[in-house]
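**Student:** My questions will all concern the structure given below.
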Amino acid sequence: MNDKLVFLGLLYFVQGIPYGLQSSLLPVYLRGAGHSLTRIGLTKILYFPWVLKVLWAPLVDRVGTKRLWLVATVSGLALTCLSSAALSPEAHIWGVAGTLLAMNALASVQDIAVDGAAVGLLKGRSELGLGNTAQVVGYKAGSVFAGGGLLAVIDVAGWGPMFMLLAFVYFGVALFVWGAPVLDDELLRGQAEGRRGVQSDAVHPWRVWRKLLSVPGTPWTMIYVLTYKLGEQGAVTMFPLFLLDNHMTARELGFWNGVIAMGFSICGSSLGGLLLSQFSIGSLMRRVFVMRTVSMVFQSSLLTVLEPSPLMKVMAVLSLSVQHFLGGLITTLTFTTMMHCTQRAEESVQATHYSFLSTLEVLGKLMFSALAGGLVDWVGYPTAFLLFLVLSAGTALHVWRATDTGALREQLKEQPK
């Protein structure tokens, strides 16, 4: 079991690196180089391959082996990093954008392959729980490594050496996967053969969509996953840049936002699984969403303090930590809600149903993240954060109503077994 956890944790770790580069390192680097918040916000469009993931998932499932896909994608990420090392964001902004887009495309394909590997490797409830913990912690640790650790590297050594370091990391992981004994049984080949039996729906895709939308709770869940992160995502994206403009250096921000705050996010995600064994998901969601709204009120109040001071830095770090902790907790609850909804679908469309919901979840976050920078440039930080707060409060109301009369009512009454 330990071999499986190391294998999965390492793959999810390297999968989280592109996200950390774009969510934490790149905005700070570009802002320090004088780019506008609008341009920085539009870099979120580079995440778009994750939205299209559901389109090429059948290819990964039915062609080749999981080992082959994993080695190919991780090696591709290493080669992309080598290309990025030869570029400069100041002189080759479009070239850098192209390499980051390629990294997201390769990482999204790797995600399909490693998820398929996890389904084949993990057996029983205990292994599934530990495997999902490895997924969340590994991915976020990769994001912390890229967003915090590499920000310190780039501050000392520069852009090129940083990507050379990443290339060596990816090549090492590719060699590890090539010789990994946990894949020797190739239990994963049977998954592709099992899915070939449902190709009649592929000839009539509208039948699949009809089945997806008819699953109980799906319409509510679709709206929820598209909107639950809007206010939080705007604040998480823009508040560090506000601190960079007024209170902190890039190195300080890389440590506090890229390492410490993300550490709190990992703790929140891990705590979510423990709390679900003690409380119903409905009652947890009601409380946590209200707490998130309160934390955003506190964070928004800090925008009125423009003069740098030790107290302001302490309050800012506290705000970042609480926001990331609650965000990690909400993410665990959300993916559990999505899985609960998918379990009501027919077995032949469950994988497609879950991929559909996860694609909407990514789309909702990217859509608003790409616009947040332009909104701040247009109306300023205070007004933009007021909108973020309204959106967060609206999501809390959406969840509260669902636990009273809607899709989460049964889950509010459920007691963990």
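Each Cβ is built from the backbone N, Cα and C atoms, and glycine gets one as well.
Quick paste of what TrEMBL says about this protein:
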type: TRANSMEM; residues: 40-56; note: transmembrane segment
type: TRANSMEM; residues: 68-87; note: transmembrane segment
type: TRANSMEM; residues: 160-180; note: transmembrane segment
type: TRANSMEM; residues: 255-276; note: transmembrane segment
type: TRANSMEM; residues: 318-339; note: transmembrane segment
type: TRANSMEM; residues: 351-372; note: transmembrane segment
type: TRANSMEM; residues: 378-400; note: transmembrane segment
**Student:** Hey, which bits of the same chain come close to the transmembrane segment (378-400), Cβ under 8 Å, at least six residues off its ends?
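**Tutor:** Answer is 223-224, 227-228, 230-232, 234-235, 238-239, 242, 285-286, 289-290, 292-293, 296-297, 299-300, 303-304, 372, 408.
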**Student:** Out of 40-56, 68-87, 160-180, 255-276, which stretch touches the transmembrane segment (351-372) the most, going by CB pairs under 8 Å?
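**Tutor:** If we count Cβ pairs closer than 8 Å to the transmembrane segment (351-372), 40-56 scores highest.
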**Student:** Sequence-remote contacts (6 or more beyond its ends) of the transmembrane segment (40-56), Cβ cut-off under 8 Å?
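**Tutor:** Hits for the transmembrane segment (40-56): 22, 26-27, 30-31, 97, 100-101, 104-105, 107-109, 111-112, 237, 241, 352, 355-356, 358-359, 362-363, 366, 369-374, 376.
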**Student:** Other than its close neighbours in sequence, what residues sit by the transmembrane segment (160-180), given a CB gap under 8 Å and a spacing of at least six beyond its ends?
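**Tutor:** Contacts of the transmembrane segment (160-180) (Cβ under 8 Å, skipping residues fewer than 6 from its ends): 7, 10-11, 14, 17, 67, 70-71, 74-75, 77-79, 81-82, 84-86, 88, 146, 150, 153-154.
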